[in-house]
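**Q** The structure's right below; bear with me while I get my questions together.
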Amino acid sequence: MAVTAEHIAIAELVIYIPVTLLAIFVVFRHGFHKQLGWIYICIFGVIRIAGAIMEVLSSKHPDNANDKEWAVILQSVGLSPLLLSTLGLLKRIRATATSRRSKVVQLLHLPALIALILAISGGTDQASSNVSDHASGKSETRAAIILFLLIYIAACILFLITMRDLRTMEPSQQRIYICIFFALPLIAVRLLYSLISDFGSDPKFSLIDGDKSIQLGMATIEEFLVVLMYTILGLVTPRSSIHPAVGGGIVPPQSYSLEPGPSDSGMTYQNAAYAEAGAQRAYSQGQVRQN
């Protein structure tokens, strides 16, 4: 039996609904901060669920062009969240607020956002019933894919640079690194599918009416495996000691009050009192020697 767009959409609903719920739990566990990477997995899952719903509606109501248009648009924005989540996880490995790695990751968010906008605009024009919009949509989509390719290359470079820290990483950081090691080739296959689809002339790779078996083998499965790996990684990874509110910097040590709290039973206050008494004795002894 031939694979159809509706079959893929139903499979995505079955898979991404529970996985996205797990991703939401991971986001609550690690915090709502884009630097951590997992929030993009949650966004990706929501996009795929919405796109699958539009695809099913399009199959049930083929006369409604809007459903198909939205399905194509949502299908075209998959690379951006995957790349951003990968960059966020790379930043989590031995990153500080002032590290070059963190700064590079933050800078890469801008071209990723531009690529996302171009992908949405290009997908909208290519799915439009107005044929005159197809050419401009193709150009915008190609520009988005080029940006995605450059971001992917940058992610690979950051991955290789991070390799030198592998021996000194904590076990949780090593798991993140290994997970990214397996995810990067899958993202490469997904990126290759988009490159062939937008720059090639083979109609089998068309995002709108191409061969769905190829889409399943080069895009859908790869996306699901990356999302699944990153979600499981979020479940087994302890909460980071990196403070997202300061751009990924190390959490500063807590300041201690002289007032006794419920957990220290006044020990901090007593230590301060002993130190003050010792200083007074030293001062008195110095005065005696002078006399």
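Just so it is clear, glycine is given a Cβ too, placed from its N, Cα and C backbone atoms.
Per TrEMBL, the features are:
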DOMAIN    6-236  domain 'DUF7702'
TRANSMEM  6-28  transmembrane segment
TRANSMEM  37-58  transmembrane segment
TRANSMEM  70-90  transmembrane segment
TRANSMEM  102-123  transmembrane segment
TRANSMEM  143-163  transmembrane segment
TRANSMEM  175-196  transmembrane segment
TRANSMEM  216-236  transmembrane segment
**Q** Other than its close neighbours in sequence, what residues sit by the transmembrane segment (175-196), given a CB gap under 8 Å and a spacing of at least six beyond its ends?
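**A** Contacts of the transmembrane segment (175-196) (Cβ under 8 Å, skipping residues fewer than 6 from its ends): 78-79, 82-83, 86, 89-90, 92-93, 145, 148-149, 152, 155-156, 159, 162-163, 166, 169, 202, 205, 214-215, 218-219, 222-223, 225-226, 229-230, 233, 236-237.
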**Q** What average pLDDT is reported by the model for the domain 'DUF7702' (6-236)?
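**A** When the pLDDT values over the domain 'DUF7702' (6-236) are averaged, the result is 87.
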**Q** Can you tell me which parts of the same chain pack against the transmembrane segment (6-28), counting only residues 6+ beyond its ends and a CB-CB cutoff under 8 A?
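**A** Distal contacts: 38-39, 41-42, 45-46, 48-49, 51-53, 55-56, 59, 71, 212, 215-216, 220, 224, 227-228, 231, 234-235.
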